[in-house]
C-alpha cells in the first residue's frame, strides 16, 4: 500500500463604473471606459498592472503545487521505480505511454507501437490513440526528443513541470474571466487567492499529476474566459472572429485531452440552450458556439481514428437537434407571454425527442456500447431501480462518485468563499428570473429590442452565461464528488465577480434604499480589499507551514514486487491482477497486462469482471480456465483486496463479485432472498493453503506482506 511518511533528514482598477447604459460608456472600438479612469493612459496602466499580477499569480501557483509535490514525496531523492509507483492507478497507465515514446528507437516506431499495441491487453492488438486520450503524452515525448534538454532535464521532470505549468494557465484564465465580468482586476486577484487557499477543493494536481482532468481543465477555463469575452456587447467583427478562434482552439484542446469532455460540454450546451430560450444571449453567437462544440469534437474523433464513443455522444445529438428544431420553429421568439411559453414547451419537447432519436439511430448504426456503463451507473445512482451490474456498482461504491460531502462547505466557508458565493448567486438568480419574465412578455419586435437593451443593464449576457454555468456544474458537483473541481474553481470566479460587481451592489443598495453611485464604488472596493486582507492574515501562516513540512514516499512492498518482476520474469510475461496495480506493473516493468483502469470499452469491462473472479467464490479450475483464456502466466493477489475493510459490507470488491455471481456475501448482515451460498470457498483465501487442487494449477513464486504472485501451470 502506498503511503507517505515524515521525511528523515540526511489598486489600480479598470472599468468599474456605474453604467446607466452600455451605449453611454462604449467607444467605437468596443471598450467600456470608466467614469473615473481619466482616459486611455489610465486604462493602459490598469491593464498592464492587472496583466502583471495575473501572470505573477499564475507562476506562483505553479511553483506552489510543484513544491508541495516535492515536499510530499521527496521526489528528487527517491528511485526511478518509486517515482513511477507514485503515479497511481490510471495515472501510471497514461504516463507509461509517454515513457514508451521516449524509449522508442524513433518517433515513427513509438507511434507504431501505440497504434498497434499488444501489451496493454493480452491476446489483443488495440489502437491506444483511438481508445485513450494520450495525444498530450505523444506531443510531450516528441518535444522532449527534439529539444536540446536531455542532458539537463530528466523525462519525468519535463512531464510534471509541464502539468504544473498548466496550472499557471488555469489560474490566469480564472483571473481573466473574473476581470472581464467585473471590470476590475481586483476581482481576478481575489479569484486567484480563493483558488489557492481552497486548494484541497479546487485541484488535486500535486498528487494525481497525469490524470486527464489536470490536462483538460486549464483549457476549459480558457474556453470559459473566451466565451465570456465573446458574449460582451459592442465587439468589433475582428474581435469577434479572433475570440471565436480562441473558443474553438480551447474547445478542441479540452476535448482532445479528456475522455469525459462530451459530458462536460453537454452541460455547457444545456446552459446555452436555457439562456437562448429566455432570450438572454444573442442567438447568432449561441449558434456559433453549438457549431464550435460539434466541429471540435468531430476533429478529435478524426484524430482518434473515428472513435465510435465520440460519434455516439449525446452532445452531438443534442446540438444537432437544437439546430434542426430552430429551423422548424422559426417564430419561436414572437408573441405574448402565454404564446411564448407554449412555443417554448413545444421547442423543449421537440429538442429532447430529436436528441433521443438521433442518438439511438447513431448507436444502432455503429453498434455502440462503450458508454452503457455510465448510463447504468446514473440510473442506479438516481434511484431508478437497484442493479446487480458489476460495473455500475463498482462506481456506486467509490467515494469519488458519491454525493459531495458536507465538510466541503465548511472548508469553503472558512475562506468566506461559500458565503459570498451564496449571496451573489441569490441576487443574480433573482435578476435572471426577472429578466427572463420580461423577455417572454415581449409581444413585438420593438419591445423585444427594448427589452434586450434592458437585459444588458439588469443582467449582461456574459454574467447570465456564468450564472447558469455555475448552477449546472454545481448540481453536477453535488451529485458526484469527483466533478467538484469543475465547480469550485468557477465558484472562485463567480463569487469574486459578484463582490466586485457594480451591478450586484447597485441592486443590493437599491433594495434597502441606500443607493448612490459613490457609495456603490466605496463598498465594492472596500469589501474586496477587506476580504483579501482577511484571507492573507488567516491563511498565509498555514501555507508557509505547509511548504515547510517535509515527507517521504514509502511503499517498500510495491517496490520489492516491481524489482522481482523485472528480475525474475521474461519481458513477454502476461500478468493478471487488479486494474490499479497492473497500471503500475506496465509502467515499471513493461510487462503485458490482462486488464487496466481505462474502463471505456465494453470488452475490457467484461474481461476485468472475469479476471476479478480471483477474489470471488470460484473453483480453482474455473479461475485457471478464465485466466488462461486471456493468456495469463502470472497472477498477483493483494491482501488489501482479499481482506478489504476500507468499504462497508456490500461495497467491498468481493461483495460486488458475490452479488454479480448470485452468491451470499461474507459476514453478518442481510442478503437479498434469491442469493445462494457458493459451492466453493473464496479463491484468494483458499489458494494460500496450498491444497493439491490449487497447486496443480498455481505455484507461488513471490510473497511479501502485501502481495502474493502465482505462476500458472501450462497444461496441454
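Note that Cβ sites are derived from N, Cα and C of the backbone, with glycine treated the same way.
Check TrEMBL against the ranges 44-66, 67-89 and you find transmembrane segment recorded for 44-66.
In TrEMBL, the transmembrane segment annotation falls on 241-258 of the listed ranges 133-150, 151-168, 241-258.
Residue ranges 17-34, 107-124, 179-196 are listed, and TrEMBL annotates 179-196 among them as transmembrane segment. TrEMBL lists transmembrane segment at one of the ranges 325-343, 344-362, namely 344-362.
Here TrEMBL gives region 'Disordered' for one range in the set 1-35, 281-315: that range is 1-35. Of the two recorded stretches, the transmembrane segment (270-291) does not lie close to the transmembrane segment (179-196), with fewer than three CB pairs under 8 Å once pairs fewer than 6 apart in sequence are set aside.
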